[in-house]
Every structure is written in structure tokens, then in C-alpha cells.
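I have a structure I would like to understand better, so I am pasting it below and will then ask my questions one at a time.
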Amino acid sequence: MKYYCETKSATDLTRKTLALVLAGGEGSRLKDLTKWRAKPAVPFGGKYRIIDFVLSNCVNSGIRKIGVLTQYKSHSLIRHVQRAWSFMRYEVGEFVELLPAQQRVDKGWYKGTADALYQNLDIMRRHTPDYVLVLGGDHIYSMDYSKMLYEHAESGADVTIGCIEVPRMEATGFGVMSVDECFKITKFTEKPANPDAMPHKPDKALASMGIYVFSTEFLFQKLIEDADNPNSSRDFGKDIIPSIIEDWQVRAFPFEDETGLPVYWRDVGTIESYWKASLDLCSITPDLNLYDEDWPIWTYQAQMPPAKFIFDDEGRRGEAIDSLVAGGCIISGARIKRSVISSGGHVHSFCLVKDSVLLPRVKVERNCRIQNAVIDKGCVIPEGTVIGEDLEADRKRFYVEEASGIVLVTPDMLGQRLHITR
């Protein structure tokens with residue numbers, strides 16, 4: 001495995017690029033999963049946090065000047081970044097720098113995505129980048145940003161926006177764009193009620209990935225203009241991008257493979273989308289390859305022993321099928337099917353866990369049945385508990401997402417107070 005991947009075709013560009021990761025969002029659609037943590041800090045894939053994917057993309061793309069802007073309930077996110085990303089060496093121009101909301105400009109906190117950057121203008125200027133790469137910290141994907149940087153520089157664009165095809169009726173939660181034959185953006189609407197369809201693809205819309213490459217001075221100019229506009233909501237998608245479409249070079253960069261097909265990218269903003277993206281990893285050949293040694297996903301994990309599967313009696317056999325089981329787990333006479341069991345989990349005898357996601361340090365006592373569920377970090381599931389079979393009963397105890405029927409269980413719902421405030 002490489003320490004990092006340095007792209008050969010764009011190293012000058014990547015060295016002159018500052019990446020800023022917007023990681024301050026509340027993630028309210030994830031309900032109680034973000035009650036005590038920011039969305040980018042939510043565990044994912046057995047041993048990672050959501051933010052690890054965008055940070056790994058930066059490092060693997062050769063971009064090693066990175067700022068992480070935090071605000072909402074940021075303690076676990078800050079702690080994770082400090083532990084996982086301290087291998088960057090500032091002496092040779094590498095860093096992952098935490099930029100919490102700290103009222104640098106006035107008495108207000110970050111009011112929106114554009115305001116978060118505006119309040120850190122002095123820090124951006126200090127690093128003297130030629131380009132600023134703005135990223136969301138809450139999506140799951142692998143992407144070589146150097147290709148997008150190269151296209152931006154070659155085209156002479158003022159800003160380039162990463163985009164991907166999505167089902168048209170799912171595009172209401174994204175910025176939706178229209179482009180000409182040269183991928184110049186001709187229209188941009190943030191979260192439209194009736195998204196525009198793509199030409200010749202009536203069931204698809206071209207959605208923003210929340211990835212922007214700005215030429216630095218252009219970005220500074222537009223941030224200042226936006227800050228001076230009393231009618232602005234201080235947001236890139238709602239304010240800055242629509243205002244520059246007509247008079248400036250705003251281009252789209254489709255996120256696709258060598259054959260022109262869309263590549264794996266997931267917005268895990270709801271319980272169902274988080275659950276689906278997690279179980280995607282359990283397929284035989286996942287679209288997101290966690291095992292690619294040329295594109296490793298970096299993270300922090302406490303030193304843990306290997307996963308252990310014990311007992312081989314009929315009806316009490318420790319086994320996992322089509323599942324991910326992370327380090328430190330013990331599957332003790334239990335059956336796991338198409339599920340993710342995260343670090344330090346312990347599933348006791350005579351249990352069945354299927355189509356579920358267990359976050360780190362979950363303990364499932366004997367004779368439990370769990371299906372179609374997300375179990376939050378640190379939960380202890382009492383003996384004999386049944387989750388996911390009777391949604392009416394589950395609604396009385398837990399959160400059930402109405403559209404999907406996925407059940408979310410947290411320690412607070414079980415009466416287990418892990419966060420004592422008084």
C-alpha cells in the first residue's frame with residue numbers, strides 16, 4: 001500500500017491547490033444518528049467515518065493542503081481528524097487543518113457554505129493557492145480530483161462544478177444544472193421542486209455533487225460581493241452559483257468512468273440512503289472498492305484484535321455471510337447475514353442479524369432478532385429483543401423511517417445514557 005498516491009499528470013496543479021472541506025452541517029435528516037455528532041463524523045463501513053472518504057480522495061489525488069471547516073457538535077469530528085490525519089507533515093507543505101467557527105469576522109457563526117469560506121479568507125490568503133477546491137464532507141465516493149483540476153485549468157473556467165446523473169425525482173435535494181454541448185452551465189437551480197430533465201434522458205437530472213474548483217482570486221471576489229449583499233443567504237448553491245452563470249465561465253465536470261458511465265457516489269443524508277450505502281459494501285463486487293491498494297481509505301482505528309467467530313453447534317454457529325465484520329468483533333454462536341458489524345461489536349448466541357448496520361461497540365445479548373435496522377454506537381440490545389419484524393411495536397420504542405421501514409436504534413431510546421449533560 002502506498003503512503004499516498006501522487007498523480008503524475010497534475011502534480012503542479014495539486015501542489016498549488018488548497019482543499020476546503022465543509023464539515024459543519026447538522027445532518028438533521030439522519031435524525032438521532034446526528035444528535036451527538038456532526039454528519040461527517042458518523043461511522044461508516046465498519047471502521048471509517050464519512051469524512052475519511054473525501055479526505056482520502058484529497059491525499060490520493062496529490063492534494064495535501066487541506067482545511068476542515070467545522071461547526072455543529074464537532075467534538076467527535078475534531079477528535080477523529082486529529083487522530084486519523086496527524087501523519088501529514090507541515091514541514092514539507094502537507095497539513096489537515098481544523099477551522100472551527102470562531103467569529104473571525106464578526107459576532108456571527110457560519111451562516112452558510114459561502115459564509116464559512118468568507119470567514120476564513122485571511123487563512124486562505126496566507127496559503128497563496130492558485131486554486132481552491134471546495135468539498136462537502138458528507139458523501140461516500142472515490143474520486144481523483146486532479147482530473148477535475150486539469151480540466152478547470154485547461155478550459156480557463158472561473159469555476160468548475162462536479163456533477164453526476166441522478167434519477168430526476170430524487171434530484172429535489174440537489175442543485176440541478178443544465179449544460180450546453182461544451183459543458184458550460186447555462187442554468188443552475190438549488191433544490192428545485194420540479195427538476196429539469198437531461199436532454200434525451202427524461203428520467204434523469206444533472207445534479208451538483210457539491211464539489212467546486214475556483215480560480216482563487218475569482219473566489220475571493222465573489223465571497224466579498226456575497227458578504228456585502230444583504231439579501232444573500234450566504235450559500236454557494238442558492239446565491240453565488242446562480243448569480244455568476246450568465247456573465248462568467250462556469251463549467252460542469254461529469255463524474256464518470258473511462259467509458260462515460262456514472263461512477264459510484266452516494267449522498268447518505270437519510271437513514272435509508274445511509275443503510276443502503278452501507279449494505280452496498282456487502283455485495284460480491286461492490287461499486288465502491290475498499291480493497292483498492294492504489295486508492296486506500298485512510299482512517300484511525302484503535303488497536304484491536306482480529307474478528308472472532310466461535311461455536312459450531314447446530315443452531316448455535318458463529319458465522320457471517322455476505323457481510324463486513326470489523327476488527328475487535330466477536331460473533332459468538334450468532335448468524336450474521338448481509339450486514340455490517342463495526343469495530344468492537346459483540347453478538348451473542350442464538351441471535352440473527354440480517355440486512356442491518358451495527359455501529360462500533362454494539363453489544364447484542366442472546367436470542368435477539370434484528371433486521372432492516374441501524375443500531376447506533378454503544379447500544380446494548382437486551383436479551384430477547386426483536387427489531388424490524390413488527391414496525392408498529394418498533395415505533396413505540398425506536399425511530400422508524402416511514403418511507404423505507406428502516407429502524408434506527410440509539411442508546412437514548414434504550415434508556416442507556418451515554419451522554420450525561422447534568
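Using N, Cα and C of the backbone, Cβ positions are placed for all residues, glycine too.
As the structure is a computational prediction, the values presented were derived from the model and not from experiment.
What Swiss-Prot shows for this protein is this:
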- Tyr110, Gly175, Glu190, Lys191, Ser208: alpha-D-glucose 1-phosphate binding site (BINDING)
In the structure shown, which of the binding-site residues Tyr110, Gly175, Lys191 has the fewest Cβ neighbours within 10 Å?
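Among the binding-site residues Tyr110, Gly175, Lys191, the lowest count of other Cβ atoms within 10 Å belongs to Lys191.
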Of the residues named as alpha-D-glucose 1-phosphate binders, Tyr110, Gly175, Glu190, Lys191, Ser208, how far apart in Å are the Cα atoms of the most distant pair?
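Largest pairwise Cα separation, rounded: 22 Å.
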If we count other C-beta atoms within 10 Å, could you say which of the binding-site residues Glu190, Ser208 has the fewest?
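Minimum Cβ neighbour count within 10 Å, taken over the binding-site residues Glu190, Ser208, occurs at Glu190.
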So, three-state DSSP: helix, strand or coil for Glu190 (alpha-D-glucose 1-phosphate binding site)?
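The residue in question, Glu190 (alpha-D-glucose 1-phosphate binding site), is strand (DSSP, three-state).
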